[in-house]
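J.: Below is the structure I would like to discuss, written out as structure tokens.
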């Protein structure tokens, strides 16, 4: 197997499948778990390393040693061996990151951009079909038990009164929005064509995600605008606004998206995270050991049981600490610190800050898929910090 061919053509596809496909509930419903995709990717990489006498980098060995030490400490505390492999997805993503070259990343961006753009277009069509009164073709359960409806060109778990929040091939609309924002951030950091990036972000609004709106605001701040690109953006937004108004769809966006920004009794109407963070804080405060080791193994390995034992604590930045403790969750907080302080490196890196805000309300950096994307974004930021060769400006889409 040719070394250049593997890194420039095969590895990008493996990273794409691991990041964008393996998390789909469709695969889970068919019996293909994300761990199978991970095993396939790691297996092929190991074969490549053995065949080409590839080297494992020192920084990976050091990081792996630290994670195994901290997770083993948690395992001994709870008497549960599963803690040793609790950071499998993150460590596997770090292992893959060693072998990513510029050619690997460029090809990955091409594949992921085309895919997410196609998914967003199909999701928009599904949104319109549902609005026209069409019922879902079928439904099946998500891994978390909630129903997922198939609207001919998109899935959704949010369906009410003829209005859906499309989720593409994912479990919920917020996940589709997260992937759209992630690839937009990576495109921005590698100086890709702005028009395609903004088309992805604009179509992402059909998820009706408040987090999407927040990310787009910071992406807008991060851009270095020229008259041509700004004119394109204004024309695109104007066309979208006129189309939505003419079809009567604007009221849906106004009610389901902008309406969530309204203050009700001093709180945002769309805020469904604050009370969870308070619960997580109270849980951490109740027992000093929770800070280091988490509340219970069930909160790491069996969340359904965790929800029965404790009040809602998920989907907020204190969830990793409350559920698994600092000995397991420290990589999340280390990466989060890097994301949130990224504007110190320059205005361009407000996209990384925006991604960090997404990770505050969706702390999934140690899960399959997002761990790989999150590490790529961190890697691109650190390349700038250490003055490594940056990606030259590209006119490709």
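Note: Cβ is positioned from N, Cα and C throughout, glycine not excepted.
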J.: Looking at the candidate ranges 342-364, 365-387, report the one that TrEMBL labels transmembrane segment.
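T.: So the range that TrEMBL calls transmembrane segment is 365-387.
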J.: If I go by TrEMBL, the feature transmembrane segment sits on one of 83-100, 137-154. Which?
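T.: Feature transmembrane segment in TrEMBL: residues 83-100.
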J.: What range among 156-176, 177-197, 198-218 does TrEMBL describe as transmembrane segment?
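T.: Of the candidate stretches, TrEMBL labels 198-218 as transmembrane segment.
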J.: With CB pairs under 8 Å as the measure, which of the listed stretches 58-77, 83-100, 318-341 comes out on top against the transmembrane segment (34-51)?
T.: 83-100
J.: Are there at least 3 C-beta pairs under 8 angstroms linking the transmembrane segment (83-100) and the transmembrane segment (365-387), leaving out pairs fewer than 6 apart in sequence?
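T.: Answer yes, regions in contact.
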